[in-house]
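J.: This is the structure, below, for whatever I ask next.
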Amino acid sequence: MSTNAASKEAPPGDAPVTIRVSGVSKIYGDFVAVNDISFSVRKGTVAAFLGPNGAGKSTTMKMLTGYLAPTKGSIEILGKNPGDHGARLELARRLGYLPENGPLYLDMTPAELLAFYAEVRQLGSVNKAIDRVVAQCAIQDVFHKPIGKLSKGYRQRVGMAQALLSDPDVLILDEPTSGLDPLQIREVRKLIRELGEQKTILLSTHILQEVEAVADSVIMIHEGRLVFEGSFEELDEDGDGDIERRFYALAGAPLDDEEDEDEDEHESEAN
Amino acid sequence: MDFNVVKAIARRELSSYLGNPAGYVFLTLFIAATGAGAFLQEGFFARNLADLALLNKVMPAILMLFVPAVTMGVWAQERRLGTDELLLTMPVRDTEVVLGKYFGALGVFTVGLGFSVAHVLVLRWLGQPDLGLMLSTYLGYWLIGATFVAIGLLASMFAGNATVAFILGALGCAGMVFAGTEPWASGIVGCAVFAGLISLLWTAVQGNTEGAGLLGLIGAVVGVLVWLGGAWKGFEEAFGKLGVDQHFYGFGEGVVRLGDVVFFIGIAAVVLYLCVFMLGRRHW
């Protein structure tokens, strides 16, 4: 494994808390998707929301954006409750969100899509904002092509551009590197690291190496429960350097899982 | 409420529809169907009158099928792509999203209706239609469409996919087309309204849709008992008032009654309110 983490600055311990989740649960009928989780993310931090598929990461992120309301517990982002009707609108202006699988209107071009979201967001300097995100996400080449004809990698970048459009203080990214090729993964991670210097970013992933590459802190959930919160180094509890073993132990999966091996291969290419 | 947001969403909806070849196929079919309704019916030339009286008889039935075809994809498409989540986490109110979608779909319908003005040109070529009458007739068509677009939008929000949205929307519009035509038809529509209201109330009280189908069935049975049991003498008459025909009749005669205009706009407003309610359901 590479150690990009070593080049990162230490997370600012005294920075104000931007995202605070306290005792949050989401229950659908008999199914408990998220079970009493609490964590916080400080300003200027890239926090990785780690966990196997189906752990409850996306549900938690949907609650953070105000799309879903928690069954129990409270959420505070920038001091406001996203579930509160009045506060949600104000909060939504300062929040960028990339939902899982980067959903986009396939009949539009990136140019039309970004103009549409800029209008919906009531941005003042639309052209400037669009120029900025187009450069940040490197989508100049496909700017006037229908999104339906773009590759997965480009679509994901258009999704990122959409999330960055309002230059938000908080970014919530649900699996931002899924479906990208190794080179694109590296570019997106670089962008996230750059953005993380100014903004608060919570990104979800089920890939351990991603955490090491971009994150200052780790929040790990498994089967809806919080199983770890701390720095990447703290994940290596016994100091033997075998973080992977700890990860799989927390995720309750055997180390020789075939799928995980595939991901490891994929990841080592990316790094 | 911010009308710029409503405008942005409506414009996207309209351009998405009109930028798609399927949209033009629907528009062409609409013109063909209304053209056939106006001129290809027995008696058009025998009557020797340059008017749209024959089309007026079949227009509600044409709209009952055409409008849900326009609205079926409005919400189902968003849900399929997952873009609804993105849109609803923007700084927008649920009301703005519903109105934006509504005006977008209404815009598509208005474009279709606009093209069908060609029929009036044909009438002018054949004879001398009364332009005031044509204007009131078209206002009537537009108001029926405005009500049906709201019903279709609600169906699109209820249904998981476009096909079910079309069927539900067409059924909802059919209720309004057939109510008031025959006492038994009004009775059936009344039972359907009972079923819908009770399952909606159940959903609102309980916080989720579990068991809403069963409650709907119970509502329908209650409706049948009230209707046929004779507990409410004016049952058929009351629900017969929901019929489109009697409210459209005046427009077709060149008379614009305020009560009829209020009826169409009122039904659309109530249904749009239910759409906002449906959107808020995700928070439960």
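Positions of Cβ are set from backbone N, Cα and C atoms, glycine also.
Residues annotated as transmembrane segment in TrEMBL: B:21-40, B:60-77, B:98-126, B:138-155, B:162-179, B:185-205, B:212-232, B:261-280.
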J.: Output the single range from B:21-40, B:60-77, B:98-126, B:162-179 maximising the number of Cβ pairs under 8 Å to the transmembrane segment (B:185-205).
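T.: Out of the listed stretches, B:162-179 contacts the transmembrane segment (B:185-205) most.
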J.: Below 8 Å between Cβ atoms, which of the listed ranges B:60-77, B:98-126, B:138-155, B:162-179, B:261-280 makes the most pairs with the transmembrane segment (B:21-40)?
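T.: Out of the listed stretches, B:98-126 contacts the transmembrane segment (B:21-40) most.
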J.: For the transmembrane segment (B:138-155), which stretch among B:60-77, B:98-126, B:162-179 has the most Cβ pairs under 8 A?
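T.: Going through each listed stretch, the top one turns out to be B:60-77.
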J.: Sort out the residues at least 6 away from either end of the transmembrane segment (B:162-179), same chain, that have Cβ-Cβ distances under 8 Å to it, and list them.
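T.: Residues 60-61, 63-65, 67-69, 71-73, 75-77, 147-148, 151-152, 154-156, 185-186, 188-189, 192-193, 239-245, 267 contact the transmembrane segment (B:162-179) from elsewhere in the chain.
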J.: Apart from its near flanks, which chain residues at least 6 from the ends of the transmembrane segment (B:261-280) lie with a Cβ under 8 angstroms of it?
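T.: For the transmembrane segment (B:261-280), the sequence-distant neighbours (Cβ-Cβ under 8 Å, at least 6 residues beyond its ends) are 88, 94-95, 97-99, 102, 143-144, 146-147, 149-151, 153-154, 157-158, 176, 200, 204, 242, 247.
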